[in-house]
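So the structure is just underneath, and the comments pick up after that.
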Amino acid sequence: MAGDQMHVLSALDSAKTQWYHFTAIVIAGMGFFTDAYDLFCISLVTKLIGRVYYTADGASKPGSLPPNVSAAVNGVAFVGTLTGQLFFGWLGDRVGRKSVYGMTLLLMIICSVASGLSFGDTPTSVMATLCFFRFWLGFGIGGDYPLSATIMSEYANKRTRGAFIAAVFAMQGFGILAGGAVAIGITAIFRSRFPAPPFAADPAASTPPQADYVWRLILMFGALPAALTFYWRMRMPETARYTAIVAKNAERAAADMSKVLQVKITAEQAEMASPVDKPFTSKPFGLFSGEFARRHGFHLLGTTSTWLLLDIAYYSQNLFQKDIFSAIGWIPEAKTMSALDELYHIARAQTLIALCGTVPGYWFTVALIDVVGRFKIQAAGFFVMTAFMLALAVPYDHWTAAGNQIGFVVLYALTFFFANFGPNATTFIVPAEIYPARLRATCHGISAASGKVGAIVGSFGFLYLAQSPVPAKAAAHGYPPGIGVRNSLFALAGCSLLGFLLTFLVPEPKGKSLEEMSRENEVGQP
């Protein structure tokens with residue numbers, strides 16, 4: 001792309017920050033709000049679902065989901081997300097970002113409501129219905145990853161691009177807090193309206209019939225914020241970079257951007273800016289071409305592997321916070337509480353950890369990513385996560401002893417803080433900045449799907465890996481013997497350390513245009 005062809009894209013890169021940028025953050029971020037809300041809430045309500053559907057008459061302890069059912073409920077949404085990331089990433093490059101953007105949000109709205117309406121004559125059929133709708137919910141959420149990241153990167157100016165993409169991702173923080181607030185609020189209402197004794201006092205009465213409505217209402221509420229932004233998402237124009245570079249309609253690109261951004265672009269300037277009307281010395285290369293491998297092969301290896309390793313560590317802990325809290329004594333023993341009391345205590349504990357550790361990390365990234373840079377934040381985040389996991393694992397017996405649990409929780413919260421002020425944010429941001437426009441959503445989708453493979457490994461593997469190595473103790477929970485929580489933390493520390501090393505494959509996009517990073521601005525390059 002010759003220098004005089006860069007006029008329009010340079011105008012977008014240098015455009016001042018304005019109100020539409022913030023509007024786009026909210027519109028694009030609703031998918032991540034729903035993603036985090038669903039992930040947070042499903043880890044809460046699985047305990048309640050176990051009590052409602054799997055408590056046997058005469059049992060000495062409250063019911064819980066069988067291992068295979070728990071793995072399916074927790075993991076099926078990840079399988080859907082992975083599939084959606086690959087499909088909608090490819091489709092976003094094929095037919096345009098805007099063309100499919102509304103489809104993902106509509107899927108989230110419908111399937112969030114449908115998850116709460118899961119039906120069946122037996123517990124197995126209810127769980128099968130829930131898993132079906134959670135797969136398609138994940139499919140819609142997955143599509144939002146490459147589309148939202150790509151749209152925000154192509155709207156933003158290069159000076160604050162990292163902060164804008166990070167802010168979209170940081171909507172997960174609001175989703176987490178909303179999940180906690182909704183769960184606490186609904187549970188508090190039902191507890192006061194339908195008081196129940198602890199399981200130890202009266203097993204049957206400890207789970208009132210109305211508890212079956214609680215988990216359904218919590219899951220369904222996730223559809224509301226997405227529904228409120230659907231209209232505005234459908235009104236968003238296609239990005240200028242896609243329209244001019246990929247769709248070859250420079251005049252439309254100029255008109256669209258002039259409507260929403262305070263950038264004056266004439267049709268003549270847009271035509272000059274479109275690289276499609278100029279001869280190139282080489283043909284456009286595809287994803288599986290040798291030219292792509294030469295230019296971006298190591299980049300793709302870096303973005304996929306670091307996201308994979310981050311999500312193994314992140315989701316292994318995030319999905320099962322409630323079990324860790326119970327193990328260290330932060331949540332009372334299940335049989336000393338009613339079903340709604342247990343949900344209330346778990347929701348309160350997880351919300352406190354999110355408020356103190358998880359959510360602030362997102363906004364530290366927003367504030368500092370365009371100052372410090374992506375590479376430094378990601379490398380430092382992986383390194384500090386490794387250190388904190390080792391600090392949890394080495395003296396694990398000390399942390400689980402009576403009186404020391406608060407120290408464990410503080411280190412645990414700091415681990416999440418540096419995950420979010422670190423690789424959890426940067427692995428999402430960088431793939432939207434370093435690949436060519438015609439492959440940008442596809443490559444982001446591939447990177448994100450790799451991350452979800454890690455989440456699947458974490459969500460399925462941690463159920464078994466963290467079980468006690470003593471067969472009798474593991475069997476009491478319905479699992480085969482594992483390696484224990486302590487050794488699992490050592491394994492997760494190893495994943496974080498490897499992520500730190502592989503970060504060196506990822507380039508630094510701070511302060512550079514998208515065309516500079518993808519090398520689309522080079523003379524003779526497509």
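Heads up, residue numbers simply count up from 1 along the chain you see.
A Cβ is built for glycine as well, from the same backbone N, Cα and C atoms used for every other residue.
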Do Asp93 and Thr239 sit on the same side of the membrane in Swiss-Prot?
yes
Looking at 71-91, 212-232, 297-315, 375-395, 408-430, which one has the highest count of Cβ pairs under 8 angstroms to the transmembrane segment (446-466)?
297-315
Please figure out which one of 71-91, 164-184, 297-315, 408-430 racks up the most CB pairs under 8 Å against the transmembrane segment (100-120).
71-91
I need to check the long-range neighbours of the transmembrane segment (408-430): which residues 6 or more away from its ends have a CB within less than 8 Å of a CB in the stretch?
145, 149, 162, 165-166, 169-170, 173, 303, 306-307, 310, 313-314, 317-318, 324-325, 328, 330, 353-354, 356-362, 364-365, 368-369, 374, 377-378, 380-382, 384-385, 388-389, 391-392, 399-400, 447-448, 451, 499, 503, 506-507, 509
Pull the DSSP breakdown for the topological domain 'Extracellular' (396-407) and write it out as helix, strand, coil residue counts.
8 helix, 0 strand, 4 coil
I'm checking region-level scores; what's the whole-number mean pLDDT for the topological domain 'Cytoplasmic' (510-526)?
73
Where among 25-45, 71-91, 164-184, 297-315, 352-372 do we find the most Cβ pairs under 8 Å to the transmembrane segment (123-143)?
71-91
Dominant neighbour of the transmembrane segment (352-372) in 25-45, 71-91, 164-184, 297-315, by Cβ pairs under 8 Å:
164-184
Residue list, the topological domain 'Extracellular' (185-211) vs rest of chain: Cβ under 8 Å, 6 or more residues beyond ends.
48, 51-52, 55, 57-59, 61-62, 217-218, 221, 334-341, 343-344, 347
